[in-house]
Amino acid sequence: MNFNRSSLAVYFILGSQNVNDQDPLFVLEQALQGGVTCFQFREKGSGAKTGEAKFQLAEQMQKLCQKYQVPFFINDDLELAIRLNADGIHVGQDDLSIQDIRKIAPTKMKIGLSITTTDQAIEAEKLAVDYIGIGPIFQTTTKSDAKQPIGLEGVIEITKAVPKLPSVAIGGITKSDLIEIRKAGADGVAVISEIASADQPKLATESLVKLSGSI
Ligand SMILES: Cc1ncc(COP(=O)(O)OP(=O)(O)O)c(N)n1
Ligand SMILES: Cc1nc(C(=O)O)sc1CCOP(=O)(O)O
Ligand SMILES: [Mg+2]
């Protein structure tokens, strides 16, 4: 699996709790067919699977990502990421520290870190993470404990402070925001609802991919 800055262009995040009537595996395959460039398995919140059921869903999702040669990240759960030999792990400011992850994870496992402020971005660069998730950009109902939105101005300030650090913007993002977010300096957009709640997830993904290719 090859992971670089361009892998962040259209980054899809999904857990079984993010779909209504549809099979999460169907939604993921639609997104992969539509051209998502990175995927994160985020099984979290009310009704989320745990234990063996969580493992089995993650394993099936990983197989799909491998079929489409898309990097497969796990949210928060380092034990699961190691068990599956995932391409990467994504953690936030209140999760396992980057230093602790490096003590246990294979060297080749990529690490993404959530940040909201410029100071956190500068610290992330010092920690040499592989990318930062900047957010929330806009109001989102998908993450109950999301911080106050930082807007496009936040993306501009942060990406100016750490221009060499790959970054993806997250939080309440729709296709109509993609161009402005890229112009603000982020390498891509990370979305849940824009694809998972779409009537046609493949079409929704294709729109994002097309816009991303136009800039
Ligand atoms: C790409 C990306 N960016 C940010 C987040 C949020 O991570 P975190 O702050 O740890 O919150 P949870 O997702 O764990 O609820 C993310 N998952 N992915
Ligand atoms: C998982 C996540 N992290 C965020 C952050 O700000 O770090 S916002 C968020 C939810 C993103 O979902 P949607 O695209 O539906 O708004
Ligand atoms: Mg987390």
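Backbone N, Cα and C atoms are what each Cβ position is placed from, and that goes for glycine too.
Cross-referencing K63, K126, K143, K160 against the 4-amino-2-methyl-5-(diphosphooxymethyl)pyrimidine binding annotation in TrEMBL, which names Q40, F41, R42, E43, K44, N75, S114, picks out K143. Across the residues the record lists as binding 4-amino-2-methyl-5-(diphosphooxymethyl)pyrimidine (Q40, F41, R42, E43, K44, N75, S114, K143), the two Cα atoms farthest apart are 17 Å from each other.
Confidence for the domain 'Thiamine phosphate synthase/TenI' (10-195), expressed as mean pLDDT, is 98. A strand conformation is recorded for S114 (4-amino-2-methyl-5-(diphosphooxymethyl)pyrimidine binding site) in the three-state DSSP classification.
Most Cβ neighbours within 10 Å among the binding-site residues E43, D76, D95: this distinction goes to E43.
Long-range neighbours of F41 (4-amino-2-methyl-5-(diphosphooxymethyl)pyrimidine binding site) (same chain, six or more residues apart, CB within less than 8 Å of its CB): L14, G15, L57, A58, M61, Q62, F72, F73, I74, N75. Counting Cβ atoms from all protein chains shown, S114 (4-amino-2-methyl-5-(diphosphooxymethyl)pyrimidine binding site) has 21 others lying within 10 Å of its own Cβ.
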